[in-house]
Amino acid sequence: MTDLEKPNLAGHMFDVGLIGGGISGLAAAKLLSEYKINVLVLEARDRVGGRTYTVRNEHVKWVDVGGAYVGPTQNRILRLSKELGIETYKVNVNERLVQYVKGKTYPFRGAFPPVWNPLAYLDYNNLWRTMDEMGKEIPVDAPWQARHAQEWDKMTMKDLIDKICWTKTAREFAYLFVNINVTSEPHEVSALWFLWYVRQCGGTARIFSVTNGGQERKFVGGSGQVSEQIMGLLGDKVKLSSPVTYIDQTDDNIIVETLNHEHYECKYVISAIPPILTAKIHFKPELPPERNQLIQRLPMGAVIKCMVYYKEAFWKKKDYCGCMIIEDEEAPIAITLDDTKPDGSLPAIMGFILARKADRQAKLHKDIRKRKICELYAKVLGSQEALYPVHYEEKNWCEEQYSGGCYTAYFPPGIMTQYGRVIRQPVGRIYFAGTETATQWSGYMEGAVEAGERAAREVLNALGKVAKKDIWVEEPESKDVPAIEITHTFLERNLPSVPGLLKITGVSTSVALLCFVLYKIKKLPC
């Protein structure tokens, strides 16, 4: 842009421009505003919220078709939502959960389905224990510095699972565990990245659990309120339908241009969008090579979120809570949770279509997807009432051009160790937020808040308002949602793996011994 072409920026000058009006960008803007910093938030969509989105209509009152869940140890989002006057409620797991595998339904209670096969039990136990132990070796703020980083980053999670698991039962559930947690396939993701991801969410039990875990609660009225209320506080500082296309930081201030040719001048910029979406922006000067390479190598996960509404919560007649873990290649849905309103109205089941299945099911008409889901629920829950919904909502995040997918970006093999260290590294006066840059609960709303507030403090430090030592701040535990420590029994800590047991004793002796041990701890029926 020549001097003759420079736009008139009268009334368009700000201290900090924020790209992205999701929770991360708005959390950053809110914190900066509290320091009397003049901010501008540019959001590409016609709404705020990013990967959180609360739909409102007469059929559902409100429903979260994007990010929704919060729980213990997610203290930043709990603090922010409380400050905004948004209450939480517990997701219902009072009744039994069910596992559907090999065409049969098995009710259970707890975080993970029980395992009746002695060797499979040993295999499961070793899987969770090994993943957690490996995760503890990985620094949450610098996973590329882990002692085995190079080795683990060359492996896919499929490679690692196949190496750890001895039984097909444990192996297939482990594949599903990857699908559910990061909406991608085990062969697509780096073992180092996935182990880090689970670790920074508190471990295998915390990330997968409802009670005392990442899915314990939702917001009354929907998670979209977090962004909507911050937008209300910021007023006209939030510009919707303003995709950023150009950033020029060659002069004293940064020039930001949007798709509709609006121009703004800022001292600093915070990018709070998924890394791969910054490839839609033209930068002057060009991004450093490592940053440019990184953003081309972080694809987004794939998910369709589906809510089926019923006249009544018929599943409770069988003492089921609505949570289903479904292991069936032909089934569209992999996992469900009760999505009934906290007052018991509008009974609903939320289900995720994940990874490869999201691509497959997206090719079908919405009505066919709905029918297939209802038929699946009828089969798993053993009730024809599942065939007669009163309403259906869904959101295919793969078709969102300003998200690219959900829940989060993932690291394929080799990328974390080669380029991961630049994910939060500023480029000149451009800083980076977004849940992908977090070190606790990355991929969740909690990670979005952590990243946004950290990036805001980096800018405040550059402005001389915050000391460098105060950029990273520990968050006090929520008094309203305290965490319960996750512990493991002596046997869980010390039982051998299947190969370990077979190495010590003969096969027949091993099976007999294991059956006796499991009988004693009441893992097997009398």
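Yeah, the Cβs are placed from backbone N, Cα and C, and that goes for glycine too.
Source: prediction; values computed, not measured.
Among Ser383, Ser510, the residue that Swiss-Prot annotates as phosphoserine is Ser383.
Ile335 (site 'Important for substrate specificity') and Cys374 (site 'Important for catalytic activity') have their C-alpha atoms 14 Å apart, to the nearest angstrom.
Sequence-distant contacts of Cys374 (site 'Important for catalytic activity'), defined by Cβ-Cβ distance under 8 angstroms and a gap of at least six in the same chain, are Val308, Ala386, Leu387, Tyr388, Pro389.
Most other Cβ atoms within 10 A: among the recorded positions Ile335, Cys406, that distinction falls to Cys406. Note: the CA-CA distance between Ser383 (phosphoserine) and Cys406 (S-8alpha-FAD cysteine) rounds to 31 Å. Summarised as a single figure, the pLDDT of the topological domain 'Cytoplasmic' (1-497) averages 95. According to DSSP, Cys406 (S-8alpha-FAD cysteine) sits in a coil region rather than a helix or strand.
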